[in-house]
Every structure is written in structure tokens, then in C-alpha cells.
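Take a look at the following structure, please.
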Amino acid sequence: MAGKEAPPAPAAPPSDRKARGARVWEEAQNPPKRVRGSEVEEQPRKLPKRKIVLLMAYSGKGYHGMQGVSAAGQVVSLKVWLIDGLLDKINSHLPSHIRVLGLKRVTGGFNSKNRCDARTYFYMLPTFAFAHKDRDVQDETYRLSAETLQQVNRLLACYKGTHNFHNFTSQKGPREPSARRYVLEMYCEPPFEREGLEFAVIKVKGQSFMMHQIRKMVGLVVAIVKGYAPESVLERSWGEEKVDVPKAPGLGLVLERVHFETYNQRFGGDGLHEPLDWAQEEAQVAAFKEQHIYPTIISTERHERSMAQWLSTLPVHDFSATALAASAAADPSSMDGSDQDTD
């Protein structure tokens, strides 16, 4: 009848709604072709992202992040579109002291932090750090003797194995399981000269390291070699009592390599993925160290004298044994600390 609204159309059956929903989904996934003149033009489709890892190197001077030290072989995982010339495009937006050196495809669930089996750091220092305490604190004429190098390596080898490193970090109690860390190797390489000053590189490989652990490991050995602390302090530092362990400057600490042995054994030879060993990039890594990391450490040491200033503080450290604080002994919970695992 005139003046009355038409009755609403009956609701579409569920099957029709599903069909219409499917058509909408297909249209969204496959956008319609556009007509340009007499030609039919396909709309571009987005490429799927792939999981990759990037091998990165950066000088810590003027850079903050990712553990706060320089790196010659940091590895990060992410998803990207694998476009042509990806590495060159990334590096074109970076300063010269931050470089992406390599790229590899990895499994979809790969996580560079969680899959890591071990890390290798090196600590570069002027060899006058090992001169006896009776000599000048910054004697640039000092040269490391074969006998002293042998002593240094004998002491560094004591760190190998599993020990309680609660004295080598802050806010870790002696009874915390996370204070126990496994060191695979630690040694000092033969010295070399740069700009009239002799340097040496200490390398350490471990499953994981706590905040300041490596710097304190180096600092305690330096204190022993210089004659400020007895060798027995090493053994005491792994016990429950509190030991005063000096922390070497952060300048010379560099992340050299991240190890993925378990991943390589499982996926490195499956025919689909490459092993994460970066053998082809070693020349680039060595060149980056020579061009950016070593010069930064050397020039900063010469201008800021960080090692010489730190060495002058060693006499104020008390390396004699001290008993656990009475309050801590009475209340074991007060010895709990942070669970941050990084250096």
C-alpha cells in the first residue's frame, strides 16, 4: 500500500554469507586488475618476508646499544624482504664505523640470542698494564717479556671450567645458581706495536657472561701480575666470601664472535640452510678491526689514559680475605641479585 515502507528483505542464509565473505577475502588478497588504455595492468604483490641473520661490526665509541661494547662479529636476527643489493642499501644509511658485513637465511623460528651457544670477546690493553708495580704507571718503553706472558697465560687458564663468579659482577649472591658460569678458554696472544706503544689481546670464550665479569677477570689478573694481590686470591674469589675484585676499563672490550654450534649441527648441512660460521667474511672482519676498532682503542688510550688512570687506583684495593657480612649470613635472601646476563 502507498505510504507504507516495504518489508525488509529476508536475511541471507548462512551459506550465502560465507560465500560473500569468501569473495571479499579473495578480492582483498587478489586486488582487481587496473585497465590503462587498452592494456590490463596487474597490481604489484608484496613479497613474503624471510628470516635472516646479519653479521654486524661497529666501534663502541659514539655508539650505544647491544651490550655497550665494540663488536667485530655481532649477529642479529630479523625478518626482511630479500630485495637485490640489500646489504649495500642498509650500509648506505649507516656511518662508516657501523657496518653490516654478511647475511644468511635461517630457519623461521631462529632467535640469535636464544640459539647462541657461546660468545668470544677480546680485551685489548697496553702491555705496560703488566709491568711490576714498582715501575712507572705508564711506562711506554715497557715490553712484555716471554716469562711474563707465560705467567699471564697460566693465570688466565685458571678461569677455564665452571666457577662461581659472584665476585665478578654486582648484585649476585654467592648462593645464586646463575652466578656459576662456564668458561671454555682464556688466553693472551703475543704482543704487537701500534704507534710506538705495545698492546696485547686477551681472548675469552664462554657460554655466557654477566655484567662486568670479563673486565673483572682481566682486572684481577693484572693486579696479581703487578704484585698487588697474591695468586691465592683467584681461588678465594670463587668461594662464598666477598673479595675485592678490581674492574678493568671498558675501553678495550670487544665482542669478536657469536657461536651457533648446535644450530649448525642440526641445520647447517640440511641442504637448505648455510652454517653460521662466517668464514667468507673473516677478511672483512679483520679489516674492520684494523680500520675502526684498534685505532679507536689506541687513540682513546693515548688521549684519555684510561688504563694508566685505572692502574693508579689498584693500591687502594684490599685483596685480603673478608668474612661475609653478618646480616647476609643471617639472611640468605639478602644475597639475591639481578638476573641480567650481559657484558
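All positions are counted from 1 along the displayed chain.
Every residue gets a Cβ built from N, Cα and C, even glycine.
Per TrEMBL, substrate binding site is recorded for Tyr121. Taken from TrEMBL, the feature compositional bias 'Basic and acidic residues' covers 15-26. What TrEMBL records for 159-261 is domain 'Pseudouridine synthase I TruA alpha/beta'. Residues or ranges marked as region 'Disordered' by TrEMBL: 1-43.
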Looking at the domain 'Pseudouridine synthase I TruA alpha/beta' (159-261) alone, can you tell me the average pLDDT?
95
How many of the residues that make up the domain 'Pseudouridine synthase I TruA alpha/beta' (159-261) does DSSP mark as helix, as strand and as coil?
27 helix, 33 strand, 43 coil
Relative to the Cβ position of Tyr121 (substrate binding site), how many further Cβ atoms are located within 10 Å?
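I count 25 other Cβ atoms within 10 Å of it.
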